[in-house]
Each structure stands twice: as C-alpha cells, then as structure tokens.
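Student: Okay, handing you the structure first.
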Amino acid sequence: MDALALEATGNKRVANGAVVPAPLPVQAQSKRKPAKKTKKAVVFFEVEILDAKTKDKLCFLDKVEPNATIGEIKSMFHKSHPQWYPARQSIRLDPKGKSLKDEDVLQHLPVGTTATFYFRDLGAQISWVTVFLTEYTGPLVIYLLFYFRVPFIYPPKYDFTTSKHWVVHLACMCHSFHYVKRLLETLFVHRFSHGTMPLRNIFKNCTYYWGFAAWMAYYINHPLYTPPIYGEQQIRIALIIFLFCQIGNFSIHIALRNLRPPGSKTRKIPYPTKNPFTWIFLLVSCPNYTYELGSWLGFTLMTQCLPVAFFTLVGFIQMTVWAKGKHRSYLKEFRDYPPLRSPILPFIL
C-alpha cells in the first residue's frame, strides 16, 4: 500500500481487506495524572470584645474560624469570664444596637478580619419553662384557697363552707381547667425560641398573675357573691364561649408547635390546617391571643365580676402589644406574608 492510501485511511493498517486502527503511541496510552487541587488558605478572624458601657477591653480571641457562630464566640468568651455564661451575654455590633443571634455566622456579619463586638450583661437568667410553671401554678393554688374558704380569708363562720350558687363551682372548674391546660402545654407543647429570660422578670410576672388570681377569687367565692343578672342563660352562653376559645387556643398552640422542629429556632409563616379552629389564621397573625381574649370574655360574662373584667382588659392591652410586635416581625421577615391579616382582631386591630 502506498503512502497516499495510508493517509486516506487515517494512518490505519489494512489486514486482509479490513482496516485496523494503528496502535497509539506509548505516551498517549498512559493516563494523565490529575492536577493537584490547591487548598485555599483559611483566613482566621481576630475578635475583640469590649464592654458596651465603659468601652474597656474584656476579651481578645485570636484565630477564630470564619464560620464560627455568635453562640460559639459566647462560649469562648465564657471561658475567660466564667461569671457570664452564654445565656447571660448580649453581643452586639454597636453599643446601643440590637443583640446578635446565636446562629449568626462571623464571616456573614459586616465586620473585617479584626472584628469588634460589644458586650452587655443581661443579668441572672432563668429558663422559660421554670417561669411559666411558676406563673401558672400560683393562680391555680391561690384560687382554690379562696374556693375552699380556708381560714383567715373570710369571717370565721364561713371557714371551709361552700357557696350555694352553682356558678361559683363552675367558675372554679373553668379557672382550674385553664391553668392546668397552660401547665400541660408548657411541659408538652410549647417550643421556645429563647431558652431563658432575666430572673427579675419572674417577680413581675408572678405579681401580675398571682395578684389578679387572688383579687378575682376573693369576690367570686365571697359568701355575699351574687350570680349573673340574666341567670342560667347568661352562664350557659358564657360557658360555650369559654370552652370554644379554650379549644381554639389549644389548636393554635399545636399548629405553631408543628411549625418548629424540635431543638431548632426555625420560623415559618403559620397557615390554616385541616383543623377548623386554625382557619382564623386567614385573618389574624396571633390567633392564640384572640382565643385567649375570648376565653376571658366568656369568664367575665359567666361570673359578672368587676375584677375579672379588669383582668381581661389589662390582658387584652398586653396581648395587643405582643401581637403587634409579632405581626411586624412577620412582615419584616417574610416578603410573601399574607397582607390581609391583622395582629389580633380581624379587620380591626
């Protein structure tokens, strides 16, 4: 075969009329070794923590990894200052700014490789579970003391006597049911985004709940108490309102619990579920407060007692503040948040 034929067959050999590929050079047959990947050098951070009030340097952390979280930085700071455990620390970018979240990552914050943070002591902390259990156990026990008319509350002749009005016994059952429900929800339902709160708050909260419980119980269980003006019809309507709202409140707490996986701080937009009591989410951001208000309105109607009405009013004002704050937080965090919703009362507030 001549040279032109070889070129036409692409340097292939012809054997018995068949074209056979020519063997590749030895160098081409050998596999190429993959190029070694160059590792990127990790840029460590230097973290300086100053006192938010005095601007004194409290701690200097060297070679902090860029993916370290604020929670991890709090733990490092705690090693050098054991008196300030992580839950007691507030770490901020600005002395008067907001506290950074524990899950915030160092390299995602607007700081350089030499980061300066400001520390503020939040004071002694106590777990939310402990606070709630203390808050709710008090009213339960205090109310029962008045219901059973233990000595030194009413005149001696009324010690351990019972009321002749059945609405008084019904009110005791409703009040006890409400706080037992709250205690069980604290233990088995609620998932808290914050593990602790300042210890000083427990005294303020307990004064509020315990004081109002004693004030209400004193008049409802008083020997001279008079039942509602419209009698049984008013009491039955009030009982229906109370029970309806208690079930609704529990349903909302279950729906909110299911939004947050155990041990996480994930926040999602709450939507109605198959449970009809959750359909109010279409109109309200915090229906748990809406149902709570309805429960106490029912209890006020049932007992027709002025201290209960005042407690309902004060509670409504406080829950409105909480609901508005949560509503603003939803609007700020979620761009697709339903615009039709109101904080606590549909189309009103």
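In case you wondered, yes, glycine gets a Cβ from its N, Cα and C as well.
Keep in mind it's a predicted model, so treat the numbers as computed, not measured.
The domain 'TECR-like N-terminal' annotation in TrEMBL covers 45-121. For 126-146, 205-225, 237-256, 277-299, 305-323, the entry in TrEMBL reads transmembrane segment. The annotation domain '3-oxo-5-alpha-steroid 4-dehydrogenase C-terminal' is assigned in TrEMBL to 196-349.
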Student: So which of 126-146, 237-256, 277-299, 305-323 has the most C-beta pairs under 8 Å when paired with the transmembrane segment (205-225)?
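Tutor: Most contacts with the transmembrane segment (205-225): 126-146.
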Student: Under 8 Å for C-beta pairs, could you tell me which stretch among 126-146, 237-256, 305-323 has the largest tally with the transmembrane segment (277-299)?
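Tutor: Counting Cβ pairs under 8 Å, the winner is 237-256.
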Student: Can you name the far-off residues of the same chain, 6+ from the ends of the transmembrane segment (237-256), with a Cβ under 8 Å from a Cβ of it?
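Tutor: For the transmembrane segment (237-256), the far contacts come to 170, 174, 177-178, 181, 185, 189-190, 228, 270, 273, 275, 277-278, 280-281, 287-288, 290-295, 297-302.
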Student: Summarise the domain 'TECR-like N-terminal' (45-121) by DSSP state, stating how many residues are helix, strand and coil.
Tutor: 17 helix, 30 strand, 30 coil
Student: For the domain '3-oxo-5-alpha-steroid 4-dehydrogenase C-terminal' (196-349), what's the mean pLDDT in this predicted model?
Tutor: 94
